Amino acid sequence: MGVEDNNTEYSSLHEGGSPNVKNYTKVSFIPLTFLIFYGVSGGPFGVEDTVRAAGPLLALLGFLIFPFIWSIPESLITAELSTMFPENGGYVVWVSTTLGPYWGFQLGWVKWMSGVVDNALYPILFLDYIKSAVPALANGVPRTIAILAIIIALTYLNYRGLTLVGWVATILGIFTLLPFGIMGLIALPKLEPSRWFVVDLENVQWGLYLNTLFWNLNYWDAVSCMSGEVENPGKTLPKAIFYALPLVVSGYFFPLLFGTGAVPLHRDLWSDGYFSDIAKIIGGVWLRLWVQGASAVSNMGMFLAEMSGDSFQLLGMAERGMLPDFFAKRSRYGTPLIGILFSASGVVLLSWLSFQEIVAAANFLYCCGMIVEFIAFVKLRIKYPAASRPYRIPLSTVGSILMCVPPTLFILVVMALCTFKVMIVSFLVILVGIILQPCLVYCDKKKWLSFSVSSDLVDLQSSGHLVGEA
């Protein structure tokens, strides 16, 4: 895979991982793999819209082809740069190093907002899957109370420690995937392969189709924000990413394969929660209940993984002097308490949006950030060709640039298909970041807030610790 000697020092850029974590247990390979799995996927819940938007054939082809266009390039870049910069903050550090701290902050703001918007979806999906069993949770005050209770409970679990979250994610992941394996075995005698080839190109909702594909197969870079919490990151991070990749893709493709092949097609029924109905048709009520339970715990796992990445990103930005020092404070469990509270507050405020609005807004913001990340990756290859990379993509600089072309083109297509409403909301979010950054610089100059760069990190910019201050 291109992993260098595990003892290689990060001398060309900076040393070690995130500061102040020596007293806390770091995340090992297995829980990290499932944190990545939940950061990207969490199982087939949420992919139903691809069938409704485009039919079985395009849905199946999408989850076979799109990983090569998007997931593999993004995961390879994440593996290389996360081992090159084994500290919290991840992509913010990559961009700060190449484009300057100002753009690092802007990327951090956009990606954090994208993550919070994305995380607002999981309580909604959770309730969508169980509302058939508990109709009172379909709307109104009971639904609102349930959303708040879910957010509070999972936020507390995140507060208790990343290692705990990782092992919980492992248990939840096994429970989530197991019913679909059983459903596949039961479905084998009922499969009709002709159902897989149904396509109607004149009746394809391309915006919904591509946004759903993109949302279900991105966020591979989220794990970079927790690099400083990983045990032996030079070896563990690439290994976990490359094991998570087939787990994610197969967790989408095979349930779709069995669901579309064993049940007569009614495209209008393929929406959030439909896999539980398919489970009932194929295996009975007991399997439906299991799939509903799997959906519930899957959304718990995705919420936990997303909040971990979002909160440790804020901690990493504070360690780099981009945010006030209080964001770098850790709880007695080693978790970034202020970052967790900020992320949870954002989720509460955004949880009233609809599924499609959340997916589209998260995708648009994420696209903006990924373009900047691709630029940073290429510039690091050009500017620091001999720098230590415990994992290095086995491509030349020219090959690395060419690898970024297909996902960049796909990003532009996804952005072009967004609605005007989503574009306006996303640009307003970007505008807030543009205004927020100089406000933080001013607060630092007036000493209203305390900012500092951790002494354990090498500041390559050497131009002042706050973004855009030089």
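A Cβ is built for glycine as well, from the same backbone N, Cα and C atoms used for every other residue.
Nobody curates TrEMBL annotations by hand; they come from automatic prediction.
If you check TrEMBL, you get these features:
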{"type": "TRANSMEM", "residues": "29-47", "note": "transmembrane segment"}
{"type": "TRANSMEM", "residues": "54-72", "note": "transmembrane segment"}
{"type": "TRANSMEM", "residues": "141-159", "note": "transmembrane segment"}
{"type": "TRANSMEM", "residues": "165-188", "note": "transmembrane segment"}
{"type": "TRANSMEM", "residues": "241-265", "note": "transmembrane segment"}
{"type": "TRANSMEM", "residues": "333-352", "note": "transmembrane segment"}
{"type": "TRANSMEM", "residues": "358-378", "note": "transmembrane segment"}
{"type": "TRANSMEM", "residues": "398-417", "note": "transmembrane segment"}
{"type": "TRANSMEM", "residues": "423-443", "note": "transmembrane segment"}
- Query: Would the transmembrane segment (398-417) and the transmembrane segment (54-72) count as touching if the test is at least 3 Cβ pairs under 8 Å, pairs 6 or more apart?
  - Reply: yes
- Message: Does the transmembrane segment (54-72) come close to the transmembrane segment (165-188), meaning at least 3 CB pairs under 8 Å for residues 6 or more apart?
- Response: no
- Stretch contact, the transmembrane segment (29-47) with the transmembrane segment (333-352), Cβ-Cβ under 8 Å, 3+ pairs: no
- Message: Does the structure show the transmembrane segment (54-72) and the transmembrane segment (423-443) touching, where I'm treating 3 or more Cβ pairs under 8 angstroms (sequence separation 6 or more) as a contact?
- Response: no
- Item | Feature contact check the transmembrane segment (333-352) with the transmembrane segment (141-159), CB under 8 Å, 3 or more pairs | yes
